[in-house]
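Written below as structure tokens is the structure these notes are about.
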Amino acid sequence: MQYFTLVSLDSVTGSLSVSTSVADSLFSVGTCQDNTACRMLQTVGGWLWWERLWLPGNVSWSDLEDSEGRVYAKASQLYAALPCALCLLLVRFLFERYLATPVANVWGIRDRVRLTAEQNPILENYFCRQARVPSQADVRSLCKKTSWPERRVQVWFRRRRNQERPGLRKRFCEASWRCVFYFFAFVGGVLALYDKPWLYNLKEVWEGFPKQSMLPSQYWYYLLEMGFYLSLLLSLSFDVKRKDFKEQVIHHIATLTLLSFSWISNYIRIGTIVMAVHDSADILLEGAKVFNYAKWHKTANAIFVVFTVLFMLTRLVIFPFWLIHCTWVYPPEKFPPFFGYYFFNVMLLLLQILHLYWAALISRMFYKCIFSKLEGDDRSDEEEDDSDSPKERNHKLSHMNGSGARGRANGH
């Protein structure tokens, strides 16, 4: 681990050979007992920080050393994303508890009263170890094992699934936190970009690349965004799980990979523009959810319509035809393509595929919003109807009344 730390620190401020020689001297004094393992680590580190992976052919790590008032991004600065993510998790906890929850109380947002599934070890074992949604054949098999009718088994599974779904207040608090974060992140991005020439002329993004000095605003903007997406990965176990859960995980990992790579390779100018473009629509999406949970349906629908237009504009027009075009077409005019050039564009294309998937979901929701009634987020795992049928309720009531009459007759 010490070797990799040295390599990562020197990868931006010095050559790889210097890091290797320092590591050799470190190992020689006894910090590593297995010379073969040390050499393997050196080999892996040499390949990992090979300049041709990260930089154009005519540039080396030594060219990106701080000098003459120029300050360059360093790989070691990425470690700050973890404490930033932990701080954001703390801020989120305080926000949801002391701001979002009181607002939910004022707006009368309450969790739906849920019916608890009956105690049944056979069904519970199947639910936990095999499947949350049993097939029809399994339902019949469970009916035989429990001596329950088929309808009762199906209702039990619906109630059991509902028990693990987050309540309305949790969804409201989560959407409120994301809406507030995206708002401040977008404002920060605008402040970091509004006076930069490369925002208005994308060819300026590559002017002098990669010898482009890092600005303090870019540093804090990157750190905040990386900390946020890392916090989302750390909170996956207790966040609301939606139908596109896997796609969300892929998105977060792809985003962190892109941000990390763009930081080390000094793709910072285009990176800040990509982040600002994404944050602009996300504010409206989370805001629409907030008002929808608060039963302000007309306001939520109006915001959702604006969000749909902005999403289609930013993710299906600006992102592929401006930003990906900027990263795909302009760089070869300045320097020969290298591995990082292809890697960065492939990751952007992966994000674009996710945009197309979400665009399909949003289009379906937009259709419901305009031509019928939008009840919620199509990505959400909504609560199921877990009530008994009228016939079964009457049967249970008559059974209970009969039992009560017999009890009274017996003197109980």
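Cβ coordinates come from backbone N, Cα and C, glycine included.
What TrEMBL says about this protein:
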- 112-168: DNA-binding region (DNA_BIND)
- 378-387: compositional bias 'Acidic residues' (COMPBIAS)
- 110-167: domain 'Homeobox' (DOMAIN)
- 170-371: domain 'TLC' (DOMAIN)
- 376-412: region 'Disordered' (REGION)
- 78-95: transmembrane segment (TRANSMEM)
- 175-194: transmembrane segment (TRANSMEM)
- 219-238: transmembrane segment (TRANSMEM)
- 302-324: transmembrane segment (TRANSMEM)
- 339-358: transmembrane segment (TRANSMEM)
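Taking Cβ pairs closer than 8 Å, the transmembrane segment (339-358) reaches residues 52-55, 244, 247, 250-251, 254-255, 257-258, 261-262, 265, 267, 274, 311, 315-316, 319-320, 323-324, 327-328, 331-332 in its own chain, all 6 or more past its ends.
Looking at which of 78-95, 219-238, 302-324 has the most CB pairs under 8 Å to the transmembrane segment (175-194), the answer is the stretch 219-238. Listed as Cβ neighbours of the transmembrane segment (78-95) (distance under 8 Å, sequence separation of 6 or more from its ends, same chain) are residues 176-177, 180-181, 223-224, 226-228, 230-231, 234-235, 260, 263-264. Averaged over the domain 'TLC' (170-371), the predicted model has a pLDDT of 91. Broken down by DSSP into helix, strand and coil, the DNA-binding region (112-168) contains 35 helix, 0 strand, 22 coil.
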